[in-house]
Amino acid sequence: MDKSLSTSPARSPLLHRLRHARRTAFNRMFAAVYFCAILLLLYRHALKLIHSTTFASFLISLSFLISDTFLAFLWFTRQCFLMTIVYRDEYPENLQKALILQKSSSDFPALDVFICTTDPYKEPPIRLVSTALSVMAYDYPTKKISVYVSDDGGYQVTLFACIEAAKFAYHWLPFCRKNNIIERSPEAYFAKNHSSWFSDTDEIQKMYESMKERVEEVLEKGKVGEEYITELERKAFGKWTNHGFTRQDHPTVIQVLLDSGKNKDMTNHLMPNLIYVSREKSKTSYHNFKAGALNVLLRVSATMTNAPIILNLDCDMYSNDPRTPLRALCYLLDPKLMSQLAYVQFPQIFHGVNKNDTYSCEYRRVFCCNPLGMDGVLGPCYVGTGCFFNRRAFFGSPSTIVPLEIPELGPDSVVDKFIQSQLVLELAHKVAGCNYEYKTKWGYEVGFRYGSLIEDFFTGFRLQCEGWRSVFCNPKRPAFLGDAPICLVDVLNQVQRWAIGGLQLSEPSFILYVFLVLGAYGQDLLEFLIGDGTVQKWWNDQRMWMIRGLTAFGFGCLEFFLKCLGISTYGFGLTNKVIDDEQSKRYGQGMFEFGASSNMFVPLITAAIINLASFLMGLVQALRGNKMEGLFLQMFLAGFVVLNALPIYEAMVLRNDKGRIPFKTTATSTCLALALYELVSLPLGN
């Protein structure tokens, strides 16, 4: 552990502090005891396997050995996050002094913000507007901020929404600055019942609602009508009408909507740059999904502003704290860190999650708990949003810069022309071309990395392999808030994509099982509660862990291996962020939303039926006083699954709403369960 990370230079003001978790010693001691118990259990399984007398007992012993070995592997990987847990504190109030001491200047570095969107019918454009406005209103020098919106679907409505955001910023930025409000996403601000409204709040809210109505009308119509735009704005939409524009085949569109060099708000303050980018698409070129879109932004921004700091956000992940850039700079400007620090990752936190987080959409363990442990080693993974990058990290290791085909794209290049000058725009269009990366190092040695659907994790992994490190910044007030899916199909489809990318008993043993099960669950619960979770949220989280294992992870692995054999192909599945009122009501009540028919539900429901049948058969045998050896352990395991599957049984039998499990899925799962029972009965001779 590098202890220098917790302090700043001797004469410089303190920018951040590192603290080790008190429970680290307990975690290490418990892991040692637990590991010995695992070895004992596997030893017993191995003995039973060696001394098997029948084919049936051999199969049972082998299945126990394989399954427990796999679970032991999962437990072992989890321990890596518990051995070096650290916490950090930032002191942004000292930044000004640190800048003066370092450079004899109080100027903050320029900041480029990348916001990605693809489909306005799954990612409502008004969310994009709120996200863009929330970062444009940062407590940061506005002339230093440049916001780039990547529209990878090439929709007119997305450009129209950005134009509306630019107009509304004329009023919104002064309103935020004048009243010093904290929620600088207008959608979030007006959704809250504030105890004290300012004199101009009603007027600004009417402007926002009017803008929202226009955007939603255009979205419904599917095109921008003449009545919504001026003659000057009409030119911006010319490429949609003049080039046979489609999502899969269209030219590059780059529109500078706000220029920090000349556009001012109603109080005569300069506004940030706002640039809309839709890269060139061709049916004959491979586009590398989100990683490809981010690399286009990396190149386009290099030609226009080339800020040394880059913030990457999803379109629905708005800023919840106007001082967030200052917190990130506490690390990125630390002289002892900056030469090797690739990025500062903030936790991905969701709003709109129901009280008990039915689908475990918070992913508290992934986005909050695990990064605390990873931060004590090389740093957390990059999770695709809420991350401040050092631009230099995309261009080679800390000691070596990868040579580029165009010097202007390098991290040290200085932009000395206006962003709307002809030379700048020509170069920006060139580097956004669909064939630009051919025979270059982009995506492999430079920029966001290709080779996985989870480009975020893969990029962070490759950067750390090259010698960079990262920092986890987790302030008390969430820096960013995003939307969580409220439908089970969307949850599982999202996890399936992550899974595909990631792949690129006898009675004496019952006590051992009790220790292993309760020990693992107890420690997991403790970490979850320390991370500000609740018991009910933890219960839903472990239930969703089992559901994902039976559905998304299994299908993801299958699809990945089929792809390797050339049998199947996979694409980037976008999570649906459009909310239905009835669906939202059921989610608020904590009800599972099955609704849509999906093959992923079949193994889940089959497992629920088998475990329910097993538990009931065991209960009948126990009541009859039959042989009890090993029966209690089997009933315990089956009963635990049944308890977790209660929402499934309810959706199969008791519910009549649109969120119930389709009859076809229930019938298919029942037939499959019966077939499996008959198949297993043959070797067991029962």
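Note that Cβ sites are derived from N, Cα and C of the backbone, with glycine treated the same way.
These numbers come from a predicted model, not from an experiment.
These features come from TrEMBL:
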ACT_SITE  D152  active site
ACT_SITE  D456  active site
BINDING   K122, E123, D152  UDP-alpha-D-glucose binding site
BINDING   K290, D314  Mn(2+) binding site
TRANSMEM  25-43  transmembrane segment
TRANSMEM  55-76  transmembrane segment
TRANSMEM  550-572  transmembrane segment
TRANSMEM  600-619  transmembrane segment
TRANSMEM  631-649  transmembrane segment
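Only residues 6 or more beyond the boundaries of the transmembrane segment (600-619), in the same chain, are considered here, and those with a CB under 8 A from a CB of the stretch are 489, 492-493, 496, 547, 550-552, 554-555, 594, 631, 634-635, 638-639, 641-642, 645, 648-649, 652, 661, 665-666, 668-670, 672-673, 676-677.
Once Cβ contacts within 10 Å are tallied over all protein chains shown, the binding-site residues K122, K290 are led by K290.
Per the record's binding annotation for UDP-alpha-D-glucose, residues K122, E123, D152 show a top Cα-Cα distance of 13 Å.
Using Cα positions, the member of the recorded positions D152, K290, D314, D456 nearest to E123 (UDP-alpha-D-glucose binding site) is identified as D314. D314 (Mn(2+) binding site) is surrounded by 24 other CB atoms, counting those within 10 A of its CB over all protein chains shown. Of all the recorded positions in the list K122, D152, K290, D314, the shortest Cα-Cα distance to D456 (active site) is found for K290. Packing around D152 (active site) is summarised by its Cβ count: 24 other Cβ atoms lie within 10 angstroms of its Cβ, all protein chains included.
Across the structure, K290 (Mn(2+) binding site) and D152 (active site) place their CA atoms 8 angstrom apart. If you draw a 10 Å sphere around the CB of D456 (active site), it holds 24 other CB atoms from the protein chains shown. Rounded to a whole number, the distance between the Cα atoms of D152 (active site) and K122 (UDP-alpha-D-glucose binding site) is 13 Å. The number of other Cβ atoms within 10 Å of the Cβ belonging to E123 (UDP-alpha-D-glucose binding site), over all protein chains shown, comes to 23.
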